[in-house]
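Database features, via TrEMBL:
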type: BINDING; residues: 76-89, 276-288; note: NAD(+) binding site
type: BINDING; residues: Arg96, Arg106, Arg134, Asp218; note: substrate binding site
type: BINDING; residues: Asp218, Asp242, Asp246; note: Mg(2+) binding site
type: DOMAIN; residues: 4-343; note: domain 'Isopropylmalate dehydrogenase-like'
type: SITE; residues: Tyr141; note: site 'Important for catalysis'
type: SITE; residues: Lys186; note: site 'Important for catalysis'
Amino acid sequence: MKARIVTLPGDGVGPEVTAAAVAVLQAVAAHFDHEFAFEEHLIGGCAIDATGSPLPDASLKACQQADAVLLGAVGGPKWSDPQAPVRPEQGLLALRAALGVYANLRPLNVHPALAALSPLKEDKLRHVDVLFVRELTGGAYFGAKTRTPDTATDECKYTVAEVERVTRRAFELARERRRHVTSVDKANVLETSRLWRSTVQRIAAEYPDVKLEHQLVDSMAMLLLTQPGYYDVVVTENLFGDILTDEAAAIAGSLGLLPSASLGEGSRGLYEPIHGSAPDIAGKGVANPTGAILSAAMLLRHSLGLEDEAAHVEAAVAQVLEHGPHTRDIGGHAGTTDIRHAVIAALDEHVANAEAFFCGARACG
Ligand SMILES: NC(=O)c1ccc[n+]([C@@H]2O[C@H](COP(=O)([O-])OP(=O)(O)OC[C@H]3O[C@@H](n4cnc5c(N)ncnc54)[C@H](O)[C@@H]3O)[C@@H](O)[C@H]2O)c1
Ligand SMILES: CC(C)[C@H](C(=O)O)[C@@H](O)C(=O)O
Ligand SMILES: [Mg+2]
């Protein structure tokens with residue numbers, strides 16, 4: 001198949017991990033005879049430096065015309081002055097809004113080989129397989145902001161329609177999994193959460209085969225650590241989802257491991273690891289590209305419909321997590337490019353084994 005993929009490497013470790021993900025996609029294209037055309041554009045701090053805007057028109061236009069967008073990370077100390085008129089993160093938020101990608105899928109899986117890195121004991125890690133569905137284009141991130149010298153406000157607003165669509169997405173996904181949705185809110189305090197809860201409750205009636213539970217976000221932060229294996233699909237609003245998924249990454253062993261897919265109504269999606277620009281390690285060649293590579297696998301699955309290819313990439317990543325090499329954040333000494341080479345070598349092996357298997361089954365060659 002032919003696909004047009006826009007890459008937005010961004011700032012800090014963004015370009016390092018994106019290069020690894022692109023190399024893996026190129027290896028997939030070579031193995032399976034696909035034509036992926038990559039087009040690189042600016043976003044974030046590097047875009048501010050080059051054009052004055054964190055999301056230049058050319059970048060947005062290219063993303064709107066692409067089949068999928070692969071993003072690294074934005075931001076960093078250079079652009080973090082609280083007085084700065086424009087910030088890198090605004091470019092990312094504007095892109096999410098413009099693409100209409102309201103459902104941010106953030107899967108949490110714990111690889112057994114990394115269990116010792118988790119703050120949780122091994123018995124708690126068994127059966128951990130959670131899919132966070134984070135609402136991505138509403139809430140406090142996008143409400144009106146005011147500022148006077150001694151007061152600041154961020155409006156948190158949700159409409160029923162915004163909650164309905166992300167809830168339906170969560171229930172649809174739950175039907176492909178273990179049919180259990182946990183909706184996380186702060187309905188004991190926030191009006192937006194009361195609207196969230198009643199809307200989720202009403203939509204749940206359309207899915208009688210899926211179990212729904214509500215959980216307040218503060219206790220959810222605790223329960224995620226004490227019983228992570230209990231959860232299947234967790235749907236929540238923008239800010240709560242941001243915070244809970246970094247916590248989830250700690251359970252997996254590193255922030256560098258978790259991928260994400262941001263989806264709207266069509267097949268076009270935005271794919272990014274959940275971590276940031278990691279200024280403390282940027283430019284050192286030591287960033288873990290696993291989250292970015294697994295985001296590329298999600299791109300294959302959700303935007304291009306290439307399920308087998310996605311599964312091959314995930315299997316290759318799992319093999320590297322099992323046998324190494326490992327980057328520093330997960331206890332190894334390898335660099336970003338070592339992981340990229342190892343994943344591509346594992347991919348080559350998996351594809352060859354699969355071909356041998358099918359060939360054997362058909363008694364060919
Ligand atoms: N999607 C995004 O573009 C995104 C996401 C989160 C944060 N940010 C931005 O990134 C900047 C830095 O934020 P922060 O320091 O709070 O969070 P961060 O995610 O950049 O880093 C937190 C910690 O995790 C480590 N880490 C992150 N990614 C890693 C990887 N791939 N491999 C190994 N270690 C990794 C870092 O070294 C750091 O110690 C801020 O400007 C923030 O706004 C951007
Ligand atoms: C950089 C920031 C705007 C972003 C968010 O809060 O959504 C990041 O933390 C993330 O998780 O993707
Ligand atoms: Mg975040």
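Think of each number as a place in line: the chain as shown, counted from 1.
In case you wondered, yes, glycine gets a Cβ from its N, Cα and C as well.
The shown structure was predicted, so the numbers you read here are calculated from the model rather than taken from an experiment.
Structure with TrEMBL features highlighted.
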| residue | record | contacts (Cβ under 8 Å, 6+ apart) |
| --- | --- | --- |
| Gly76 | NAD(+) binding site | Asp11, Gly12, Gly45, Pro88, Ser277, Pro279, Ala282 |
| Ser80 | NAD(+) binding site | Arg87 |
| Ala84 | NAD(+) binding site | none |
| Arg96 | substrate binding site | Leu136, Thr137, Ser262, Leu270 |
| Arg106 | substrate binding site | Leu131, Phe132, Val133, Arg134, Gly241, Thr245, Ala248, Leu258, Pro259, Ser260, Ile274 |
| Tyr141 | site 'Important for catalysis' | Leu93, Asn238, Leu239 |
| Asp218 | substrate binding site | Lys186 |
| Ala278 | NAD(+) binding site | Gly12, Val13, Ala73, Gly256, Ala287 |
| Val286 | NAD(+) binding site | Thr327, Arg328, Gly335, Thr336 |
Note to self: Out of Arg134, Lys186, which of these recorded positions shows the lowest number of other CB atoms within 10 Å of its CB?
What the structure shows: Lys186
Next item on the list: Show, in sequence order, which residues other than Asp218, Asp242, Asp246 on the same chain lie with their Cβ within 8 Å of the centre of the Cβ atoms of the Mg(2+) site.
Entry: Val217, Ala221, Leu239, Phe240, Gly241, Ile243, Leu244, Thr245, Glu247
Next item on the list: Let me know the largest Cα to Cα distance in Å among the substrate-binding residues Arg96, Arg106, Arg134, Asp218, as an integer.
Entry: 27
Next item on the list: For Pro88 (NAD(+) binding site), list the number of other Cβ atoms lying within 10 Å of its Cβ atom.
Entry: 28
Next item on the list: Tell me the Cβ neighbour count for Asp242 (Mg(2+) binding site), meaning other Cβ atoms within 10 Å of its Cβ, over all protein chains shown.
Entry: 18
Notebook entry, point to check: When you measure from each Cβ to the nearest atom of ligand 2, which of the binding-site residues Gly76, Ala282, Val286 fall under 6 angstroms?
Noted result: none
Item checked: Local backbone state of Arg106 (substrate binding site), from DSSP in three classes -> strand
Note to self: Validating a neighbour-count step here. Other CB atoms within 10 A of the CB of Ala282 (NAD(+) binding site): how many?
What the structure shows: 19
Notebook entry, point to check: On the 0 to 100 scale, where does the mean pLDDT of the domain 'Isopropylmalate dehydrogenase-like' (4-343) fall?
Noted result: 98
